[in-house]
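Engineer: Just lifted these from TrEMBL, have a look:
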type	residues	note
TRANSMEM	28-45	transmembrane segment
TRANSMEM	75-92	transmembrane segment
TRANSMEM	113-135	transmembrane segment
TRANSMEM	141-162	transmembrane segment
TRANSMEM	169-187	transmembrane segment
Amino acid sequence: MTSHLKYTIPLAVLLTGVAYPILNRVHFYQILALIVIAFTATLPWDSHLIKTGVWTYPSEVVIGPKWLGIPYEELFFFIIQTYITSLIYILFNQPLLHAQYLKSQRNAPTWINLTKLGGGLILAGLSALGGYLAFGIAGEFTYLGLILVWACPFALITWILAGKFIISLPWMCTVLPVLLPTTYLWLVDELALGRGTWSIESGTKLGRCLFGVLEIEEATFFLVTNMLIVFGLATFDQYLAVIYSFPHLFPEVPQAPSPLMLLQGRFKGTSSYDMERIRGIKEAVIRLKAKSRSFYFASSVFTGRLRIDLVLLYSFCRMADDLIDDATTHEEMMTWVTKLYRFLDFYYDRDATAGETTRRKKVNQLEVDKFIVTEFPPSAKSALKLLPTDILPGHPLYLLIDGFKMDAQFRTEKNTTDRFPIKEEKDLIQYSLCVAGTIGELCVSLIVYHFGSSCSPVALNAMLDASRQMGIALQYVNIARDIQVDAKIGRVYLPMSWLKEVDLTPEKIIQDPLCPETFMFRERLLDEAFRLWTYARPLMNGLPDGGRGPMVVAVENYMEIGRILRENPRRVRTVGKATVPVSRRAWVTIKALISA
Ligand SMILES: CC(C)=CCC/C(C)=C/CC/C(C)=C/CC/C(C)=C/[C@@H]1[C@@H](COP(=O)(O)OP(=O)(O)O)[C@]1(C)CC/C=C(\C)CC/C=C(\C)CCC=C(C)C
């Protein structure tokens, strides 16, 4: 027991503390299921080892009761090892959106098929070799044989079920969660064996050590059991990814899918997978990773289908914003604006004067697809096709395009004051409401759809209002950070009325974006942003479980940009350099998850 108190329990406690902020109900069930499987699979095997005298425990070292001849300390080891390795796997895998790795399920590249075949043959071969060593040759090969013949068939089953998925995952997410706990347990075992906690009887072992007094058999045992745990967790993740990725196969997904649903995920043939959707999800993740450090980082704490829908929403917003930003003339910008409105018209009926939008009952998807292919560049296709219009309200989407239309005004050829649409503070509020308040509303709609069936209409309205204000706050931070960058492309979002107060004009800001007044206006924008944040932040506590913590992370990571700007009043954005360092983001994330 002392080795547990000294080595395994402290590590488990430490890992629990580190992983606690991201752990959710699904992780809990995953770990529990793995522990039950590991325990039941190891129990008869271990008991056999002890009965046949392969393993002994010196009575002066092992105290307390036994079950089926196995000391409680050893039984506890099955649990704690599974727990430790599972937490390490979860920590490495949380940043990944597993859905994108389903791409290898159909028409996988040859190297994946060959690796799966090779791995399967190796595991089958090791299983057979294990049987031969344990029961054929026996003697000093007994223990090694028993390890192989017991563990390799289990590993083979998971490999058959999820081999391609496991191979597609980055090695950091599979190899490291095997190697890290294995190395740790090797070192612990070296110390425990050295002190005679347990021992393998001579005559049933090879008598060779990997290093020090760590027997080859013990080293193999830790390696293969950690492999089994990681393969088992990856198999769960593959079926969860199927459930989360395909609304046409699983229209409703609870916060924690049931074992029956997981089984259904297993038995849905890959021919029913929508591979175009998987490619689109992958493209959306690539876009998010390339364009926004804040939201990419925050996306990793979301889970399930909500995470996929948010990434798809981001991809649509970013793609639309880029189409407008990259256009070279006002006319081109307006063409994109018109096409984006027409795209939305396929799904929604907008009454612009009443400010109301209703979802169309029937959508001719073939017509939409044709429109997308003929009117938009190929890079925009997946972002348009996968926008979850069946969940998102139409009104904020139209308002978002209204906001982009205001951006187009900056490009008007006419050299008149029309070129600068932000004349008064109310224009700045309206602009920010369009491009960011809408995003807040869309995010809340997604969270409530996925997790908040019990939300009352009054509570929902209060949250929607707060979400618009929070969006405006984030947009002010964005404008404050980018005053100089925007001025370079001829955009001045500072209200002309503010500029007038100090005898400035938008043209003068464009000529000299580093003049002292811009830093003064930056402070003013940030003050307003934090005022709005102070109002809206407490209302986020009303968001449903499952969406609340991660959304607070997203908001706080963005507001942290504002805090850093306040700490460094003369700091100017440099291209390619993160405003918020990774360590500070991590700390903000932990604080946000704990406070929510
Ligand atoms: C976690 C995750 C993937 C979230 C996705 C959020 C999302 C859909 C963002 C869309 C971003 C986007 C490209 C919008 C187009 C218009 C625009 C440029 C808006 C500015 C965003 C900055 O994005 P950008 O890619 O430029 O990021 P970088 O600065 O380059 O890092 C905005 C500043 C708007 C962002 C606004 C929000 C995310 C809304 C915030 C409000 C809530 C989340 C609601 C809170 C709820 C309550 C109840 C208060």
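Quick reminder: no glycine exception, Cβ is built from N, Cα and C everywhere.
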Engineer: Ranking 28-45, 113-135, 141-162, 169-187 by Cβ pairs under 8 Å to the transmembrane segment (75-92), which is first?
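Structural biologist: By Cβ pairs under 8 Å, 28-45 leads among 28-45, 113-135, 141-162, 169-187.
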Engineer: Please identify the stretch among 28-45, 113-135, 169-187 with the greatest number of Cβ pairs below 8 Å relative to the transmembrane segment (141-162).
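Structural biologist: Checked against 28-45, 113-135, 169-187; highest Cβ contact count belongs to 113-135.
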Engineer: Checking distant contacts: for the transmembrane segment (113-135), what same-chain residues at least six beyond its ends satisfy Cβ-Cβ under 8 A?
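Structural biologist: Long-range Cβ neighbours of the transmembrane segment (113-135): 141-142, 144-153, 155-156, 159-160, 163-164, 167.
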